[in-house]
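J.: The structure that follows is given in the form of structure tokens.
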Amino acid sequence: MAAASATAAPARLPRHIAVIMDGNGRWAERRRRPRAVGHRAGARAVNVCIDFCLERGVEALTLFAFSSENWGRPEEEVGALMKLFLNALEREVDELHRRGVRVRFIGERERFGETIRKQMDAAEARTAGNARLHLTVAASYGGRWDIARAARALAEDVAAGRLAPEAIDEAALGARVCLADLPPPDLFIRTGGEMRISNFLLWQMAYTELWFTDLLWPELDAATLQRALDDYAGRERRFGLTGAQIAAPKSETAE
Ligand code: FPP
């Protein structure tokens, strides 16, 4: 998919939705169940979200499944999440492939065990030719890690003589962060009631529309996602321009 520049256009259907799936733990705790039960319920909500994007024709969906910081959670919870990821990879990839979904992972893959890494590689290879929905799972991912990695890539290019320091600009860095081949997220959805970005796509979400709900991730349904889309459709995206500039077609504002 061609990466779109941040052009000012009336908001309609988001091309790319990024999601923080928060509230699994609280959902389980409210039912006096272990947190792992909440994560399993969360995995079901992932399918609700994918189905919705496929039905509506959203081109890209990026899910924050496990942050760089989540490694610090109790060993038992990290273990349960790893098991869940592995099960999902084993169970869901065939169906996703059949439905034309391209699956990719962003994050520090080397921190996962070999079995999961191999499954991730296999899922990516299997679905590489699909383009109906670009599903990216951010796992062991952090926005700061992403930007630091891109900065290191720039430094390596400069050190090797492939890039002049004065050629370093937003486009050069933007080409080296994750998801550089996708349009930036148009809409960010976070469940669970917290109003923060939590080190998700820090570079990519500079002009993303933010939408929050108190609903816990396992409670997600199509009606909630539709509310987010309706809200998004009513927003005026200005990208730093004025409302009048957005309203007037380009030819009218050109000198
Ligand atoms: C945040 O809720 C959620 C996570 C850290 C894990 C997200 C994982 C899933 C939704 C399950 C599987 C995902 C895939 C892609 C198969 P939390 O535990 O922080 O909830 P809390 O804020 O209520 O404690």
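If you go along the chain as it appears here, the first residue is 1 and each next one adds 1.
Cβ coordinates are placed from backbone N, Cα and C, and glycine is handled just like the others.
Here TrEMBL flags ASP22 as active site. Summarising the annotation, TrEMBL assigns Mg(2+) binding site to ASP22, GLU209. Sequence annotations record features per position, and here TrEMBL assigns substrate binding site to 23-27, ARG35, HIS39, 67-69, TRP71, ARG73, ARG190, 196-198. Taken from TrEMBL, the feature active site, proton acceptor covers ASN70.
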J.: For a quick check of understanding: among the binding-site residues TRP27, TRP71, which residue's Cβ has the most other Cβ atoms within 10 Å?
T.: TRP27
J.: How big is the Cα-to-Cα gap, in Å, between ASP22 (active site) and ARG190 (substrate binding site)?
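T.: Cα of ASP22 (active site) to Cα of ARG190 (substrate binding site) measures 7 Å after rounding.
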J.: Under 6 Å from ligand 1 by C-beta, which of these recorded positions make it: ASP22, GLY23, GLY25, ASN70, ARG190, GLU209? Sequence order, please.
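T.: Near the molecule: ASP22, GLY23, GLY25, ASN70.
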J.: Using Cβ-Cβ distances, find the residues under 8 Å from ARG190 (substrate binding site) that belong to the same chain and are at least 6 apart in sequence, listing them in sequence order.
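T.: Non-local contacts for ARG190 (substrate binding site): VAL19, ILE20, ASP22, ARG196, LEU210, TRP211, PHE212, THR213.
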J.: Taking DSSP three-state, what's TRP27 (substrate binding site) in: helix, strand or coil?
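T.: Where TRP27 (substrate binding site) sits, the three-state DSSP reduction gives helix.
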J.: Counting only residues 6+ apart in the same chain, whose Cβ is under 8 Å from the Cβ of HIS39 (substrate binding site)?
T.: ASN24, GLY25, ALA28, GLU77, ALA80, LEU81, LEU84
J.: Look at the recorded positions ASP22, GLU209 and tell me which residue has the greatest number of other C-beta atoms within 10 angstroms of its C-beta.
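T.: Result of the Cβ crowding comparison: ASP22.
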J.: In angstrom units, rounded to an integer, how far apart are the Cα atoms of TRP27 (substrate binding site) and ASN70 (active site, proton acceptor)?
T.: 18
J.: Other than its own, how many Cβ atoms are within 10 Å of the Cβ belonging to GLY23 (substrate binding site)?
T.: 26
J.: Round to a whole number and give the Cα-to-Cα distance in Å for the pair GLY23 (substrate binding site) and ASN70 (active site, proton acceptor).
T.: 14
J.: Between the Cα atoms of the residue listed as 'active site, proton acceptor' and GLU209 (Mg(2+) binding site), what distance do you get, rounded to the nearest Å?
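T.: Rounded to the nearest whole number, the Cα-Cα distance is 25 Å.
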J.: Specify the count of other C-beta atoms within 10 Å of the C-beta of ILE197 (substrate binding site).
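T.: That number is 17.
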